[in-house]
Amino acid sequence: MQTKRVYIDGVSPEPELISEGANWLRAGELVAFPTETVYGLGANALSASACAKIFAAKGRPQDNPLIVHVCNRAMADRYVDGWTAEAELCAHHFWPGPLTLVLKKRPLIPDNVTAGLPNIALRMPSHPVALRLIEETGLPIAAPSANQSGKPSPTNGSHVWRDMKGKIPLILDAGACPVGLESTVLDLSGNVPTILRPGGITKEKLEEVLGEVQVDVPQENQAPKAPGMKYRHYAPQGEMILLVGSSQRVVQRMGMEIQRGHARLKKVGILCTLESAPLLHHLLPDLLFVLGSQNRPEEIAASLFEGLRVCDERGMDLILAEGIEETGLGSAIMNRLQKAAGQRVEFI
């Protein structure tokens, strides 16, 4: 398949390009498009055959549910069986934005979208291109991240091009995604609101609106309740170790690992914070990628997946990542780092 990549204005999207994307979606094809979190791989959420193409293009397991994107509350109401008071509060405070709500679904949504579960994962993105595309299409759009399953999520059009070229007809490229991490997934189908996946809306922000909010701890061999829960995600090609501790101890340990790696003729890359970077240059890693400041976790979130992909592009055999404090947005960042490292986390 020939893939067309077009550059679209991320603030005032060109109507003719939006129409081109909408035409492909209405025809049952896939379109990659930007959201504020990461790029999505979209299909008509009401068509089981269209959504089946998502799983094929990504190599995505069939038991991994998809998030359905809508452009307004009226559209959301059509696919939810009972809009709860908590959902109303969340939509009022956080939509459009990086929050996905899990609610009871109506039968209109095909089973392959929800992996056979009785609930639907629903969100309203804030990116102008995503909103205009959904509006123009007139349909809910099922869209996981537009990457090969298991790889770091795509936060710019070049990432999508590398993973999806030849597999989909159209990529709408609006440059970098401002948030850079996937949405928070909040389950509102039970008695207590429960975070299934941390993301752009923090637990602290949710608790300001809802009161008590729990965090789900997935059980081994449990069917995933939401995207990103069961399978290894965000994984670079090289071995990765996440190091958690004081900056001094992390830097010392990184120095030891760099020496060991070079002794075995391995290329060693480092993902670190701005504060630790000056202490690491003299260790001569093959790659030093500064994610951002510990005091500005939004910088780290926005650059994390880019850093993982750069490690792959530069052929790093071993990647050493510096952990950060798990508060606020740091919880979502550490969740992605732990998954990227295959849960190889060392506290020092």
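Using N, Cα and C of the backbone, Cβ positions are placed for all residues, glycine too.
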(request) According to TrEMBL, THR37, HIS69, ARG123, SER183 bind L-threonine; identify which of ALA52, ALA85, ALA87, ALA143 is listed for that same site. (result) ALA143
(request) Round to the nearest Å and give the CA-to-CA distance linking ASN64 (ATP binding site) with SER183 (L-threonine binding site). (result) 16
(request) Count the other Cβ atoms sitting within 10 Å of the Cβ of TYR234 (ATP binding site), across every protein chain shown. (result) 24
(request) Whole-number Å only: compute the distance from the Cα of ARG123 (L-threonine binding site) to the Cα of ARG60 (ATP binding site). (result) 20
(message) If you pair up every Cα among THR37, HIS69, ARG123, ALA143, SER183, the residues annotated as binding L-threonine, what's the maximum separation in angstrom, rounded to an integer?
(response) 13
